[in-house]
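Novice: Just passing along the structure, written as structure tokens.
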Amino acid sequence: MSKETLVLLYGGRSAERDVSVLSAESVMRAINYDNFLVKTYFITQAGDFIKTQEFDSQPSETDKLMTNDTIIASQKIKPSDIYEEEAVVFPVLHGPMGEDGSIQGFLEVLKMPYVGTNILSSSVAMDKITTNQVLESATTIPQVAYVALIEGEPLESKLAEVEEKLIYPVFVKPANMGSSVGISKAENRTDLKQAIALALKYDSRVLIEQGVDAREIEVGILGNTDVKTTLPGEIVKDVAFYDYEAKYIDNKITMAIPAEIDPVIVEKMRDYAATAFRTLGCCGLSRCDFFLTEDGKVYLNELNTMPGFTQWSMYPLLWENMGLSYSVLIEELVSLAKEMFDKRESHLV
């Protein structure tokens, strides 16, 4: 039986490029090489596409994906050179220029099936402010109170709005970033100004969100029209909040899978996750993140259309708990990618 070609894109231009490399390494090792030939391409911070390695069998423990320190400059290609008939692309890219619709649009122009959600829903879900506004207008899913700040708005009046509508502590987030990059906790106005300045380094749109004392719960989502969800998992923190260092550097978190939650609340979360996924027009996969307060209130935090895929990431572990191994999960994602590609092509009549 001939093998299917899977193209891995990793790296990227965003501040989340290091997370992308970690995720791609894990995907590379989890693939069933009886079924796939894997071709890898590294995207540099400057946006150049570099042809890196090919794998037709299980990589050894010493095999590492090439990155900035090991890429060969002469292997630079035109982005369109990744095209290969019948190949499927797995864009293991996080953050802007990776999961915001940019690479998805490029792949649709190339007429290549790709893992993950489409242009519009990638773009909407990537922006936390837009996600909140869409879900507010179209669903009854609870969200924590927030204030949106757009660069150029009068800062003092926006600070006053925050202090009128919210209570310290608040969390300040770049609207268009993930992996906790650029997020700060503000206990007072001085903190708030500093947090806004930091967030504006990453995006011109900033979400200022009411801090809540809550458990952090996540639900995995898989499917196109037939949407499946996992039992929830919980992030058990040993730090003040689940920041970038805690997630990917210090490993100061543990996970409880499945989370110990009242079954009624579990079903509510799974229903909210599927509803948000459909409302935003998603397909393929996502991870829906929630806050769960001590008195049982559930708030949707965000929908992540390309969740982390490292060996300690919640998304693949959630599906493993449901009986779907990492390698079979990848095969299912490839199948869903081809299904959506065929559907998009059929609509061009």
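In case you wondered, yes, glycine gets a Cβ from its N, Cα and C as well.
A quick note: this is a predicted structure, and the numbers were derived from the prediction, not measured.
Feature table excerpt (Swiss-Prot):
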type	residues	note
BINDING	163-218	ATP binding site
BINDING	Asp289, Glu302	Mg(2+) 1 binding site
BINDING	Glu302, Asn304	Mg(2+) 2 binding site
DOMAIN	133-335	domain 'ATP-grasp'
Novice: Non-local Cβ contacts of Val170 (ATP binding site) (under 8 Å, 6 or more apart, same chain)?
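Specialist: Counting only residues 6 or more apart in sequence, the Cβ neighbours of Val170 (ATP binding site) under 8 Å are Val162, Lys185, Ala186, Leu192, Ile208, Glu209, Gln210, Gly211.
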Novice: Taking DSSP as the reference, which of helix, strand or coil describes Met177 (ATP binding site)?
Specialist: coil
Novice: Rounded to the nearest angstrom, how far is the Cα of Asn304 (Mg(2+) 2 binding site) from the Cα of Leu198 (ATP binding site)?
Specialist: 22
Novice: Using CB atoms and a 10 A radius, I'd like the single residue among the binding-site residues Ser184, Asn304 with the highest neighbour count.
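Specialist: Highest number of other Cβ atoms within 10 Å: Asn304.
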Novice: Round to a whole number and give the Cα-to-Cα distance in Å for the pair Asp289 (Mg(2+) 1 binding site) and Asn304 (Mg(2+) 2 binding site).
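Specialist: Approximately 8 Å lies between the Cα of Asp289 (Mg(2+) 1 binding site) and that of Asn304 (Mg(2+) 2 binding site).
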Novice: As a test of the contact definition, list every same-chain residue at least 6 positions from Glu302 (Mg(2+) 1 binding site) whose Cβ is closer than 8 Å to its Cβ.
Specialist: Ala125, Lys128, Thr131, Cys288, Asp289
Novice: Cβ atoms within 10 Å, counted per site: which of Met177, Leu198, Val212 has the most, among these binding-site residues?
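Specialist: Of Met177, Leu198, Val212, the one with the most crowded Cβ is Met177.
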Novice: In whole Å, how far is Asn304 (Mg(2+) 2 binding site) from Ser184 (ATP binding site) when you measure between their Cα atoms?
Specialist: 19
Novice: For Leu198 (ATP binding site), just give me the three-state DSSP call.
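Specialist: Its secondary structure by DSSP: helix.
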Novice: Between Arg205 (ATP binding site) and Asn304 (Mg(2+) 2 binding site), how many Å separate their Cα atoms?
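Specialist: Their Cα atoms are separated by 18 Å.
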Novice: To what whole number does the mean pLDDT across the domain 'ATP-grasp' (133-335) round?
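Specialist: Average per-residue pLDDT within the domain 'ATP-grasp' (133-335): 92.
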Novice: Please classify the secondary structure at Glu163 (ATP binding site) using three-state DSSP.
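Specialist: Where Glu163 (ATP binding site) sits, the three-state DSSP reduction gives helix.
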Novice: Can you see whether DSSP assigns Ser184 (ATP binding site) to helix, strand or coil?
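Specialist: For Ser184 (ATP binding site) - judged by DSSP and reduced to three states - the answer is strand.
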Novice: Please report how many Å separate the Cα atom of Asp191 (ATP binding site) from that of Asn304 (Mg(2+) 2 binding site), as a whole number.
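Specialist: The Cα atom of Asp191 (ATP binding site) is 27 Å away from the Cα atom of Asn304 (Mg(2+) 2 binding site).
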